[in-house]
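In what follows, a single structure is set out as structure tokens and then discussed.
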Amino acid sequence: MEAAAEPGNLAGVRHIILVLSGKGGVGKSTISTELALALRHQGKKVGILDVDLCGPSIPHMLHAQGKAVHQCDSGWVPVFVDQEQSISLMSVGFLLENPDEAVVWRGPKKHALIKQFVSDVAWGELDYLVVDTPPGTSDEHMATVEALRPYKPLGALVVTTPQAVSIGDVRRELTFCKKTGLQVIGVIENMSGFACPHCAECTNVFSSGGGEELARLAGVPFLGSVPLDPQLTRSLEEGRDFIQEFPKSTAYSALTSIAHKVLHQMPALCS
């Protein structure tokens, strides 16, 4: 029988969710960020652990770049990104002297930081910890899953885009989840059509429906499609809360629906 982990800094975290993608450029960090914001607007207290060590973009998306990480008796204190302190964030981006500095580290150093992020960040009480992972399936993913395994993460959200290349990569991601014993909470298709900011009509730019079909064939839940939305893009670039500012947008409806589905699955996932 596997030994129980010391609860430590994750003792107050109720649910841990990983966000994965088979390839880069599909908007995985966007989904992580907006899911956290949507859960916050549902009254949940959320933390984001950014383990995308070579591409830490979430501090910029949440207008938190340049903020300092402080030490306490329990370890690192995450950065709060709102006045209510309902979203906290830890990222390697806070540890770099220059935000444009490239992270050129060998595997052992990356693995050590991932383990430190898991054990040494004083999250306090959280309803959800969203873990934004690098794209693909690599040693960093193995290190993340192994470090979190004793704390029984709920599972993974897998992000794809409609194109066939991305769908193929997601098949490999689903295989990774199966081999590592990580439950798939669901598949999210991002960049699914273009939402006009004036009339809200959604036009397919790429093929559509690939993510839903893949989820059906794999026997995992399909959580929804998020369109390309200029208002969402602008919010991320400016570090603004899209969920709060654009409640009438098509992407808002899609993102809040996904958050509702995740919340609805909680009883089954926890059983």
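In case you wondered, yes, glycine gets a Cβ from its N, Cα and C as well.
Annotated features in Swiss-Prot:
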- Gly22, Lys23, Gly24, Gly25, Val26, Gly27, Lys28, Ser29: ATP binding site (BINDING)
- Cys196, Cys199: [4Fe-4S] cluster binding site (BINDING)
- Met1: N-acetylmethionine (MOD_RES)
Conformational class of Lys23 (ATP binding site) under the three-state DSSP mapping: coil
Greatest C-beta neighbour count within 10 angstroms, which of the binding-site residues Val26, Cys196, Cys199: Val26
DSSP three-state assignment for Lys28 (ATP binding site): helix
Candidates Gly22, Gly27: member of the binding-site residues with the richest Cβ shell (10 Å): Gly22
Reduced DSSP assignment, Cys199 ([4Fe-4S] cluster binding site): coil
Least surrounded among the binding-site residues, given as Gly24, Gly25, when other CB atoms within 10 Å are counted: Gly25
Tertiary neighbours of Lys28 (ATP binding site) (same chain, Cβ under 8 Å, six or more apart): Val19, Leu20, Ser21, Asp132, Thr133, Pro135, Val159, Asn190
Distance from Cys196 ([4Fe-4S] cluster binding site) back to Gly27 (ATP binding site), taken between C-alpha atoms, in Å: 19
Candidate with the highest Cβ count within 10 Å, taken from the binding-site residues Lys23, Ser29: Ser29
